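The block underneath contains the structure these notes are about, expressed in structure tokens.
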Amino acid sequence: MKRIAILTSGGDAPGMNAATRAVVRKAIYEGLEVYGINYGFLGLVNGDIRKLELGSVGDLLHRGGTFLYSARYPEFATEEGQLKGIEQLKKHQIDGLVVIGGDGSYHGAEALTKRGFPTIGIPGTIDNDISGTDFTIGFDTALNTVLDALDKIRDTATSHERTFIIEVMGRDAGDIALWSGLAGGAEAIIVPEESFNMDDVVDRLNKGRERGKKHSIIVVAEGVMSGNEFAKQLAEYGDYHARVTVLGHVQRGGSPTAFDRVLASRLGARSVELLLENRGGLAVGIRENRIVENNIGEILKEKHTLDQKLFDLASILSI
């Protein structure tokens, strides 16, 4: 193993730059050459590859986004796309690859591994929806972004004695909604993994009113329905004329938290070690604060599950 490359793919997540920095500096420390691939798998196929030095990743640790850029390239799922990628890697004499991203990125990494090219996956997505790890890079930062907004919305909800609905990201996973809702004291948390009944939500709000509570916060994951649609349905139950805030892509940006920076650094460094050990086809992660690695194919077969105990706790504490 003399040369390795790194790319970021799919939706950006705070901490991707920190992980890239760790891969580059750990690899150079171990005597390897490192190449950065711009625009994910699209850049790989197009040969948009450049050599990275120690200084290339300076002033990156605290920056959100990804300086390697990202792009969606569904064509990489085809044999033609994968063979073009392998051709470019061989052309640049690259021996191993690190891929930072979510589920789709892992599929690309697995495809390369099956074609005999050593590839390591690093979980980088704000959704926290990757199996084999307690946390993904970017989740903690996104969570704190949502919590900051929730706290501020709580101020105005209290001042005007209103119900506010906050729509957060999470098409298939409700971790952002659950964790931010619990941390922010939301009166109701609506996630894709748990069915909900509007009658139950209204009953919870009414009980709060009976105790003298004059405002409430409801956090809705986008995968369930839009915040506006939820507000429309809620209004059918009486004078719940809720205000809606859609946080959108602000959740993806911002300087990564200390937790995400440290997590990204640990996962990035471990990825290089695995390549040096000629152990491709693995995804790194963190379990109970220990860095672990799992077969990337097995990770893709597993379905991420919501923390049921945490969901139940949020329901109890929001009474």
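Each residue, glycine too, has its Cβ placed from N, Cα and C.
DSSP classifies D127 (active site, proton acceptor) as coil under the three-state reduction. Note: D127 (active site, proton acceptor) has non-local neighbours G102, T136, F139, M169, G170, R171, D172, A173, D175, I176, i.e. same-chain residues 6+ apart with C-beta under 8 A of its own C-beta. Summarising the annotation, Swiss-Prot assigns active site, proton acceptor to D127 and lists sequence analysis as the type of evidence.
Marked as ATP binding site by Swiss-Prot: G11, R72, Y73, G102, D103, G104, S105. A 10 Å cutoff on Cβ-Cβ distances gives R72 (ATP binding site) a total of 14 other Cβ atoms nearby, all chains included.
Summarising the annotation, Swiss-Prot assigns ADP binding site to R21, A22, V23, V24, R25, R154, G185, A186, E187, R211, K213, K214, H215 and lists sequence analysis as the type of evidence. DSSP classifies G185 (ADP binding site) as coil under the three-state reduction.
Listed in sequence order, G10, T125, D129, I130, L300 are the same-chain residues six or more apart from D103 (ATP binding site) with CB atoms under 8 A from its CB. Annotation source Swiss-Prot lists Mg(2+) binding site at D103, citing sequence analysis.
Sequence annotations record features per position, and here Swiss-Prot assigns substrate binding site to T125, I126, D127, R162, M169, G170, R171, E222, R243, H249, V250, Q251, R252 based on sequence analysis. According to DSSP, R243 (substrate binding site) sits within a strand segment.
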Requested in this report: Compute the C-alpha separation of R25 (ADP binding site) from Y73 (ATP binding site), stating it in Å without decimals.
Outcome: 28
Report summary line: Here the Cα-Cα span from Y73 (ATP binding site) to H215 (ADP binding site), rounded to a whole number of angstrom, reaches 45
Report summary line: CB neighbours within 10 A of Y73 (ATP binding site), counting all protein chains shown, number 21
Query raised in the report: Given the binding-site residues G11, V23, R72, E187, which one's Cα is the least distant from that of R252 (substrate binding site)?
Result: G11
**Report entry** V250 (substrate binding site) and R72 (ATP binding site), Cα-Cα, nearest whole angstrom
**Finding:** 19
**Report entry** Cα-Cα distance linking R21 (ADP binding site) and V250 (substrate binding site), given in Å to the nearest integer
**Finding:** 23
**Report entry** Shell list (ATP; ref centroid = CB of G11, R72, Y73, G102, D103, G104, S105; cutoff 8 A)
**Finding:** S9, G10, G40, G101, G108
